[in-house]
Amino acid sequence: MDSNAELKKERPNKSLLLAICAACIGGTFQYGYNISIINAPTKSVQNFINQTWLERYDEDISEKYLTLLWSSIVSIFTIGGFVGATIGGTMAIRFGRKGTLMMNNAFALLAALLMGLSYPTGLFELLIVGRFFTGVNAGIGICVQPQYLGEIAPRALRGAMAMGTSVFITGGILTGQVIGLNELLGKEEHWPFLLCTTCIPAVLQLLILPWFPESPRYLLIDRGDDVGCRNAMKQLHGTDNFDREREDMERERISAMGIKPKKPWQLFMDRSLRWQVLTIILLNAAQQLNGINAIYFYADYVFEEAGIPEVNIPYVTVGTGACECLTALTCGMLIESLGRKVLIIGGYTLMAFWCICFTLTLTFQGAGLWMPYLSMGCVFAFILSFGLGPGGVTNILTTELFTQTTRPAAYMIGGSVNWLSFFFIGMVFPFIVTKLQQYCFLVFLVISVLVAVYIFLVVPETKNKTFLEIHTEFQSGDKRKASKADDGPRTTLLSTPL
């Protein structure tokens, strides 16, 4: 009872908050920023490609080939992200969490340089290469930064502090939307500068992150540096707060003695981790396949139908980004009181409900003047529901369901699935919309319901539990299922004649 009271009273140290901001600004902020920043200069970059093609070959580029080149510039980001996710875990083990984040900025700086040189050199191919490197940067960042946040935060604040991942992703999206407005860098002549701005978060992280320590868990468990661990915890948690956390780390260190960090394929072969691995695969796939991309696809159409002038739609789109950012902040304030399980199940359940509502409002769009406004309400409600659950909690669970020796490999698996799902939905979604139109949301309804049911049945609540306690809870669940399976054949034999 006393320990629970202590957990509730704990407040984050100022140094911990600043370390989280330093890690996130060059980590998942870059992911969100580079997703949204590419939307504003679409026509400007296409005009540049056409002009360059004309100068090279004395003829206009065909519409089909122009679309192919633009699609390559946009989609190569996800290929780079997949590559980054596959190497991020290995880098985190070899160079440390902080060390990997620092090195990762080289990809962002190189990408900014290449994209900035594309216009003066007349080489649109540099845009493709630059976008690939922004993807690699984002892939490594979204793989390593949540590990760093989850490992530096005390147990009682792990959920709230790890929400920095979601807050900075949505903050990056919102910043990209704002910077892309015509009043700032959205004009045609400014697009090279717009794409170069990806270097700013990288420079900020290179200046700020060195002042903060490496992950204490990495120092103690992976490197055996007890003095470094104590110094890091003293800086991050304060002199009075880290004894309990140090004991938790010591127990995990003892349990991991003689065990090397596992590779991704070893996680698939370890039967004690099968439910954790299945959970992160399902959650990361669902994060991209739950309909959030479809909502953004339909948003402009819905806003037009509501009578919003085309020139004002970018400002309303900024409103959707602000809505998602505020929801991520709200989730961060609620996660330690309500828990992970309630938020993510509630988020998917609400998304399923709004899928039904949105399908109905789109189907009967012409039934009355007020119907487009209901559709607008569904857009914002769906985004709010996504930010409240799946958008915020998924990365936290990937941290909490694994211990120190398996966590980097788990992030490699989860990140790879996430990026592949991102690529898949980008390729397949236009065909789904063409065939099913507004009824495509019924597919996302089924996905949201199935994920909510799975989480309810399989995933335990992880709030205020150590990583070892969560791992033990999964193992005890496996033993219960195994004992039931042992009793199963007798029951089956009795019912065979039926």
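Every residue gets a Cβ built from N, Cα and C, even glycine.
For the domain 'Major facilitator superfamily (MFS) profile' (20-463), the predicted model reports an average pLDDT of 87. The domain 'Major facilitator superfamily (MFS) profile' annotation in TrEMBL covers 20-463.
The transmembrane segment annotation in TrEMBL covers 16-33 (among others). Residues 81, 98, 101, 104-105, 108, 134, 137-138, 141-142, 144-146, 148-149, 152-153, 157, 161, 164-176, 198, 201-202, 204-206, 208-209, 211-213, 236-237 of the same chain sit 6 or more residues outside the transmembrane segment (16-33) yet have a Cβ under 8 Å from a Cβ within it.
TrEMBL lists 68-89 (among others) with the feature transmembrane segment.
The annotation transmembrane segment is assigned in TrEMBL to 101-120 (among others).
Look at TrEMBL and you will find 156-179 (among others) tagged as transmembrane segment. Cβ atoms under 8 Å from those of the transmembrane segment (156-179) belong to residues 6-8, 10, 12, 16, 20-21, 23-25, 27-37, 39-40, 142, 145-146, 149-150, 185-186, 194, 197, 314, 317-318, 321-322, 324-325, 327-329, 331-333, 335-336, 340, 387, 391-392, 395-396, 399-400, 463-464 of the same chain, restricted to positions at least 6 beyond its ends.
Using a Cβ-Cβ cut-off under 8 Å and counting only residues 6 or more beyond its ends in the same chain, the transmembrane segment (191-212) has close neighbours at 15, 18-19, 21-23, 25-27, 29-30, 33-34, 37-38, 40-41, 44-45, 48, 98, 101-102, 105, 108-109, 111-113, 115-116, 118-120, 127, 130, 134, 137, 179-180, 185, 235-236. According to TrEMBL, the transmembrane segment annotation covers 191-212 (among others).
Under the heading transmembrane segment, TrEMBL lists 277-299 (among others).
Here TrEMBL flags 311-335 (among others) as transmembrane segment. Only residues 6 or more beyond the boundaries of the transmembrane segment (311-335), in the same chain, are considered here, and those with a CB under 8 A from a CB of the stretch are 36, 40, 159-160, 163-164, 166-167, 169-171, 173-174, 177-178, 180-182, 186, 296, 299-300, 303-304, 343, 379-380, 383-384, 386-389, 391-393, 396, 463.
Summarising the annotation, TrEMBL assigns transmembrane segment to 342-364 (among others).
Look at TrEMBL and you will find 370-397 (among others) tagged as transmembrane segment.
What TrEMBL records for 409-433 (among others) is transmembrane segment.
Marked as transmembrane segment by TrEMBL: 439-459 (among others).
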Stretch of maximal Cβ-Cβ contact with the transmembrane segment (439-459) [cut-off: under 8 Å; candidates 101-120, 277-299, 342-364, 370-397, 409-433]: 342-364
Contact check, the transmembrane segment (370-397) vs the transmembrane segment (409-433), 3+ Cβ pairs under 8 Å, seq sep 6+: no
Proximity of the transmembrane segment (277-299) to the transmembrane segment (68-89), 3+ C-beta pairs under 8 angstroms: no
Distant-in-sequence neighbours of the transmembrane segment (68-89), which means Cβ under 8 A and at least six residues beyond its ends: 31, 34-35, 38, 42, 45-46, 49, 61, 100, 107, 124, 127-128, 131-144, 264, 408-412, 415-416, 418-420, 422-423, 426-427
